[in-house]
Structures are given as C-alpha cells and as structure tokens.
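Report on the structure given below.
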C-alpha cells in the first residue's frame, strides 16, 4: 500500500492506484472507477471535504480506519476446503491443508503410510489412518519412547521354567537339575528313571527316587561305594552261636557248627580233627582220621573252577597216595584232579546256585610196599551263597 495525504487525514491506497485532481483543485469527494489494468482510480472533488470510502482488493476488507486489511476466509467460513482438510488463512487468500498423517494428492487427502518411510520403529511398524504405532517381536517390550524394543528377562518377570531358567536375547531356556530331563514342552522337568536306564547301575537292587536313585543290598550284605554289596561278617560283628559252637561266615550269612564235630567212634584229637583209635574194633574198616573243613563260594560261579586243594600231611617212604571223592558228588558237580603224589585239586565243573550246603568227603588212600592200606578223609562243608556277589 501507499500513503496519500488527504484533507484532515491520509489514505492507504494500493501502490498501482492513480489519483486525478480536477482543474488542479482539491476534490471534496472521492470516486473509484475502473482504470487501466483494473487498478482503482481515486477522483477528488473540492465539493466534499470527507475522505472517500476505500475499496480493497480481493482477499482484503476495509477497516474502520478506512484501510484495507486481510479478510480471514477460514474464520468467516467462506473457504472451500473439504471436511477432511484444515483451512489456513494467508494474506489476501487462504489454503487447504491435510490433517497430520495425511498427504495432499490433487484436491484430496490420502493417508500417509509412515511404515514405508525411513524406519521409525525398532522392530515392526503398524500403519493406522493418519498415524502409526510400533510393535516388538516376541520376547521384547516397547520402551517409554514407543519406538525402541528392549529384551524381556522372562526369568525375572514370570520365571516360566519348572527348575532352572536362563535368559537369552528375545527368549529364554529351561534346564533341569541333575536327575531330571526336560519334558517335550521344554518347560517342565521329568524325573529320570536311572534304574531303567541301566541294569548295571546297582549290583543288587535299584530304587528310583525323584531326581536321584539309591541302591539296596539283601540281608547279610552292606552297601559300599554307593552301588556294590559286600558280605557282612556276622561272626565278627554279632552272631547267636552257643559257646559249644563255632561261627562260620559265608557269603550272605553265617552258620553255627559244633566245636567238636566228632561222632562215635571218633574222638577229637585236635581242632576239627577226629581220629578213630586202632584199639577200638569198630575202627577196623573206617578211615583213620576225618578232618573237618569249611568254605564258602558265590552262587553261579563260573566253571570249570579250582576251589579247594587237598594235601597229604604225613609222608612215608615207599608209599603210593591216591585221591578220590568218596561221597557228596552224586550229581557230578565236582572233579578231583591229582596234581602231585601228595596233592589234589577239587574242581567245580557245574554251576551251583545258592543258598545251598554241600558236604563232600575227599579221601586220601595210602598203600605201602607191604600192601598196607590206610585212609583219611577231609570232610569239606561247602556253602554256596544266595547271590553271585
């Protein structure tokens, strides 16, 4: 605009306005007419001393001070913006803008897909009409900025594992204590039946327990090294034999035998040795001596197996010694192998299952050059234990 002095005041007119003064005299009235290029023409007449009412260009309106000021089409509602647009007033005009999250295409506003723009979201972007929001992958959570994803420590927040929980980025792992294994759901723990896993974990009997197992031994045995069974020597730790009896321990138990095993007509000559005096007529056809021995073997011992050696205790010149099983071998479980002129070995040739007691008479027959014959017997009491250990 340009300022034009006037009677008692001034006028603000467009810079392209032309001012014509009639006959060089001041005009008292102003009239606006069409000029070149559509510019307003102000005519002054001396007849009127009052300033003329100003006419303003499009987009402006006359103010009380007879000046042109911007006309707010948005406030007046004279704009032509669509319902989904925002009217923004400009000097002398207005413009239609789209709501946030929309972009103008022609005269329409379409949704702006923020998810195709440079990444706003750490993991996943979800577009919505006029906006968007961020999502995180499983095992993560959205931070306060609503864009970044942080790992969730499931072991601290929910502890989903039945026993041991280990956090990893975006997830977690479950593990089990010793004696348990992870179930198919990868969360819970199932007891491992160690007894079914191996038949050799215990020497005698395996008992499964939650998370562990234990071994048991039968009566007469004690557990050693957690799995093996060792015979208890009841003759040393406690027995119920009488004073006239001796305690004999075997695998899995003990037995009481008389301290004097001799039966008529034999008499006790020394410990476990019975003799039949030659002065007694009843001894004529009987072995001169019977020596009582005791031994124990395990059940199902491998065969053939040497188990006992017999030896002549008295040596005479010009004599021949022979050994034989006199009794106790009715089923052929034993064989007596002579190893020298004065020794022989008792061999087990068939497996024996216990508990069982065998009484075997091993006879030594001595013949001298005068055909004098004498014999002595070793009476072996063989106890087979109930187990193979």
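Each Cβ is built from the backbone N, Cα and C atoms, and glycine gets one as well.
The feature domain 'EGF-like' is assigned by TrEMBL to 70-110, 111-150, 151-190, 191-230. Annotated disulfide bond per TrEMBL: 115-125, 155-165, in sequence order.
The Cβ neighbour count for residue 155 (disulfide bond), using a 10 Å radius and every protein chain shown, is 17. Proximity of residue 125 (disulfide bond) to non-local residues of its own chain (separation of 6 or more, Cβ distance below 8 Å) is seen for 114, 115, 119, 132, 133, 134, 135, given in sequence order. Sequence-distant neighbours of residue 165 (disulfide bond): residues of the same chain at least 6 apart with a C-beta under 8 Å from its C-beta are 154, 155, 159, 172, 173, 174, 175. Per-residue confidence over the domain 'EGF-like' (111-150) averages 93 (mean pLDDT, predicted model).
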